[in-house]
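The active site, 4-aspartylphosphate intermediate feature in TrEMBL is assigned to Asp493. Feature annotation from TrEMBL assigns Mg(2+) binding site to Asp493, Thr495, Asp955, Asp959. The ATP binding site annotation in TrEMBL covers Asp493, Lys494, Thr495, Glu602, Phe650, Lys673, Arg707, Thr802, Gly803, Asp804, Arg929, Lys935, Asn958, Asp959. The compositional bias 'Gly residues' feature in TrEMBL is assigned to 1-13. Marked as compositional bias 'Basic residues' by TrEMBL: 1313-1323. What TrEMBL records for 131-180 is domain 'P-type ATPase N-terminal'. Marked as domain 'P-type ATPase C-terminal' by TrEMBL: 981-1231. Residues or ranges marked as region 'Disordered' by TrEMBL: 1-20, 1312-1334. According to TrEMBL, the feature transmembrane segment maps to 375-400, 420-444, 1050-1069, 1090-1113, 1133-1150, 1162-1181, 1193-1222.
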Amino acid sequence: MAGWRGSRGGGDGTPSDDRIASSQTVRLGKVQPQAPGHRTVFCNDREANSLAKYKIMGVVNLFMGKRKIRYIHSEVNHIESQMIAWVHDIEVVASWSGDSLQWLLLWIVGLKGALRYHLLGFLLWLRTSEGNSVSTTKYDVFTFLPKGLFEQFRRVANLYFLMISILSCTPVSPVSPITNVLPLSLVLLVSLVKEAWEDWKRFQNDMSINNSNVEVLQDWNWVPTPWKKLQVGDIIRVNQDGFFPADLMFLASTNPDGVCYVETANLDGETNLKIRKAPERTWDFVSPDKVSEFKGEVQCEQPNNSLYTFTGNLIIDKQILPLSPNQLLLRGCSLRNTEYIVGAVIFTGHETKVMMNSMKIPSKRSTLEKKLDKLILALFTVLFCMCLLGSIGSGVFINSKYHYLRFDTSEAQFDPDHRFVVAILTFFTLITLYSPIIPISLYVSVEMIKFIQSTQFINNDLRMYHAESNTPALARTSNLNEELGQVEYIFSDKTGTLTRNLMEFFKCSIGGEVYGTGVSETEIGAAQRTGVKVDAQKRSSAASERGFNFDDARLMRGAWRNEPNPDCCKEFFRCLAICHTVLPEGDESPERIRYQAASPDEAALVVAAKNFGFFFYRRTPTMIYVRESHVDKMGKVQDVPYEILNVLEFNSTRKRQSVVCRYPDGRLVLYCKGADTVIYERLVDGNPDLKRMSREHLEQFGASGLRTLCLAYKNLKPDVYESWNEKYIHAKSALRDREKKLDEVSGHQYSQPNIKKFQVAEQIEKDLILIGCTAIEDKLQEGVPACIETLSRAGIKIWVLTGDKMETAINIAYGSEVACKLINNGMKQFVISSETEAIREVEDKACHTSRRCFSHLGDQIELARYMKELVKNELKSCHEEAQKFLHMDSAPKLALIIDGKCLMYALDPSLRGMLLNFSLNCTAVVCCRVSPLQKAQVTSLVKKGANKITLSIGDGANDVSMIQAAHVGVGISGQEGMQAVMASDFAIAQFRFLTDLLLVHGRWSYHRICKVVTYFFYKNLTFTLTQFWFTFETGFSGQRLYDDWFQSLYNVIFTALPVIIIGLFDKDVSANLSKKYPELYKEGIRNAFFKWRVVATWAFFAIYQSLVLYYFVVASSKRAINSSGKLFGLWDVSTMAFTCVIVTVNLRLLMMCNTLTRWHHISVGGSILFWFIFVFIYSGVALPNKEQENIYFVIYVLMSTIYFYLTLILVPVAALFCDFLYMGVQRWFFPYDYQIVQEIHRHEADTSRIGLLEVGQSQLTPDEVRSYAIMQLPGEKSRHTGFAFDSPGYESFFASQAGVFVPQKAWDVARRASMRSKPKTPRTPRTPRTPQRN
């Protein structure tokens, strides 16, 4: 069986030490199980892949949920080899997304005999027939109902009503089953239809993708084939601008150098092109004839979700070629600037990296929703107490002396001789009777409100639309809308979040000399703080291009040759031009060339080299071409090719990038650039003055708010390089721990067992010669200072978590017209830094010891102990000093600045509490030099330790963990791709949009959801208590007061729409005033509108109104007679009471509105009107239903009497009178903050226009789209209840139109409720001003 050769060793037949031997081997005929550490793919050989597609194991672990089944195959010797592969593919079959198939597989495994193998083979055939098909749906045909119902009944309220519905079908129920079954069915139907619709859209998208065509090599020809029919090992051709249908091994391209250009925008959002290089052995596999002869074997890692790593080997004719991410083309990426490529399918379908990354974001529930669960539990407690009281009363009341009641002793519930049984049965009876106290439609209504708020309001708000990038705001989840209104702590990245991430080469230091005369924004801010005037013209005045804002005549146009250190300058420029992974595009001229870089920093450095006369214009897989000017003599230009031998790429562990190149004269040079802390520990001994001066320049650049990098180089001897390169190639061919071995060979620090490797590494990235350092300016985004100041006034504390130097972070955070205004001179600053002389001495001692001998573990432990003790003392000292300031009458605000090293020890469990207590007293906290993990740890510290609502905002992949750790995660659609956006809950284009997201939408959502929840609680409690009072007059027998249909439709029809309208359109103040008075946001931080005190107030008025509604109606009906002269009966009274309940609760909703629009009138009036229409029809038509006979013609009899109209007017007025008094007293003497603002601006009116943002659906520019939308979409003026002056009940999509005249009148609720604003002369809306750069 040649198909299994790869699982036993390398292609040369020698065993590999990188293989993972199976812990247990089972002999399957002549088939040896494949090691689970890697997988083997046979290129252009479907038959071989059908046998060896997946690993075969003697013991198969089948995981389904939490069940683990161990199944040992012992009857496979008589099965042919193909069936063996099928039988042993259980793991693959079990990984299908459909739960139904997993349970079917479980049943098949339980069978015996040959039938089991045939069925397993059939299932595997189904699996392989899918091939490259993908499914992103949540359900399938078999699992939709069971899984959908399971999701719905995970909610406590739905599960409760399911039990109530079951109970209502028993004899103890006093109501018809329809009373509880109908509302539950409607709620479930709405939820399932919503789920089905969303899943159907996913299914349609999947089908569109799966049926796309790609050219597959079949019988020496390229044959168009649907994506879903691709299989592992297939050879395919992808044309320019086409998408890769699976994870491919790159074999060849139409480019002669075997490279192609890939755009990964669909994967990570980055639009810059990446270069991929095919193995040289396969460059000529372009034509069908040539590639048809290809029979290679790929040994690679198992499928995983790591987008940027890949380990594998290609074996051709016993030759092993290492494969890396540079040879992998990922599904979803597109081909650019290449006619076509040829590749071999490695991973398909759900095993592709992009599909394995399509994991759900960790589920988040808002704090208010969690408190809502507590409210539901409180209602359960109230329900239990009511039922317990009623059951005890029933047991006490029932007695033989009431013989005239004619108890039916045949029923246990009415047998006076068994009172305990009567009490028990009555308890269950009352549970069904009082079940409406739990609002079944609450969850559905809240979900609907949140969904519309997200999709129609947040996503379409032009205030958060960024015209330059054509990017609107995006709510990726609707679960956390109200959480936006309660945020107290914001954790922000700096680069790309507070700054633009548009890097400009600004200054540099070469050979100990500083170059660059510009003044940065941060330096201007620092000068303003000290009162020093800065000449505005001193900023770089030379003509600059994007990425280059440098002005110093000493280096420009070849003048560097006249400097004291021209050789150092030359090496500096060459390092900039060679040490990178940038791709040039366009014409090979300095004016028209474009650079595609992995980061803006790298592009800025290459642009700087071009402006200094070292023009990088062409790259091949092995060469870099630089057009050098003024090197030999002034004015001379020459094209110099540099052979690139090795590229040691940057990663978060190495924090540096190195390139080994060969000059045309054969000279070998290693160029290295990276963080100063990493470069300095690898410099050659000697030249202390240059190191000291460069370090001073680094600190100077950091204080100016600039980003710094150190540059160094080293001349290599050929024998040293050849020795190192041999080990480097061996590490590149490793299948296990390749990255670790590459780091070891390239210069990482090791422990004692790795001394030899360490010595080899030191020969490459050791004894470097310092050239100088660069300083790049990353300017603040527009509106960041004003946004931070506004958020601070709102009571929100902002923490900056950045990887930059401490000096850079502090100066960026300082307050000025151009800086962040996060820290100002009036604050007391506490700095905890590892950059002290004492710590440097300890570190230098440990570093010197480790270089002299390789057993430096003891010194490292001593350093750690010293650092921990130092951080402990610093925290203790700062905390004690802070307490003194906090007890002062006019205490200054506090600010904490701490770096990553100290933070690592401060986050130790023994110091974590002290750090938390101290930092919570600070208005601003800046953490410098922190890792992505530390960002998440700090966020979790405040989230869990302080129990505060947190929000994290970032723009890069290093911010993902922080974003997911916070209550609310916000991603910036910036220059670093879309990783942060894809992991976030909300996405915006600029940091300044946080003002609208939090202070406007967040605050409105919080107010609205609080009103919706408390109103639901109120109306259901009011309705249920009227039934409860009636129980006292029926001997606690469980007699119902209302008709079954009345009770069923109360929540889902008669009171459903108005509460949704208030959840969508109610506004206390306008968007402009929300930002003008950011202090209003503090009410959400304090959770002022959903405290137990607020709930208790609503409960009090619910009890009061229920008493009025019940007893007033009952008392007034005792002497009322109908037109026939008869007294009213039970169903007459109940219909009258129910009518009063409907009118009262709907009018109460109008009283709590801050804004009245036509939607409020339509919903409230429509709900009451619908009740009358329903009762006219229901009581006017005779139905074959015994229960309906009770209220037949009742409403007509009632409405024929004056009693009905008097009661309908007087009872709701009496019920709402106390509410009216309470609201007046509260507003007069105990007003909320927003009510004070309403009174200040009570004579103003807002005529905000309404409409939807539609981006990209016309040929207009973004500014034209915005202006046109403002002019064309209709506007509406709203009438207010006297509490709000504001615009209609819509979100403020457009800028408010000023100039509305409102008559000046005294404060009077009744009069101002009917006020109308005078018509305004129409005017053409102004086109919104395009944001200007700082």
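Glycine residues also receive a Cβ, built from the backbone N, Cα and C atoms like all the rest.
All annotation found in TrEMBL is predicted automatically rather than curated by experts.
The structure, with features from TrEMBL marked on it.
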residue : record                                        : contacts (Cβ under 8 Å, 6+ apart)
Asp493  : active site, 4-aspartylphosphate intermediate : Val800, Leu801, Thr802, Lys935, Ile953, Gly954, Asp955, Gly956, Asn958, Asp959, Met962
Phe650  : ATP binding site                              : Arg656, Gln657, Gly674
Gly803  : ATP binding site                              : Thr495, Gly900, Cys928, Arg929, Val930, Ser931, Asn958
Can you tell which of the binding-site residues (Thr495, Asn958) has the fewest other C-beta atoms within 10 angstroms of its C-beta? Asn958
Helix, strand and coil residue totals from DSSP for the domain 'P-type ATPase N-terminal' (131-180) stand at 25 helix, 0 strand, 25 coil
Just counting, how many other CB atoms are there within 10 A of the CB of Arg707 (ATP binding site)? 22
For the transmembrane segment (420-444), sequence-distant contacts whose Cβ falls under 8 Å of one of its Cβ atoms, 6 or more beyond its ends: 155, 157-158, 160-161, 164, 167-168, 170, 172-175, 179-180, 183-184, 186-187, 190-191, 372, 376, 379-380, 382-383, 386-388, 390-392, 394-395, 398, 412-414, 1013, 1016-1017, 1020-1021, 1023-1024, 1027-1028, 1031, 1036-1038, 1040, 1047, 1050-1052, 1056
Count of other CB atoms lying within 10 Å of the CB belonging to Asp959 (Mg(2+) binding site): 31
Have a look around Asp955 (Mg(2+) binding site) and count the other CB atoms within 10 A of its CB, chains all included. 31
How does the model score the domain 'P-type ATPase C-terminal' (981-1231) in terms of mean pLDDT? 89
Please report the number of other Cβ atoms within 10 Å of the Cβ of Arg929 (ATP binding site). 23
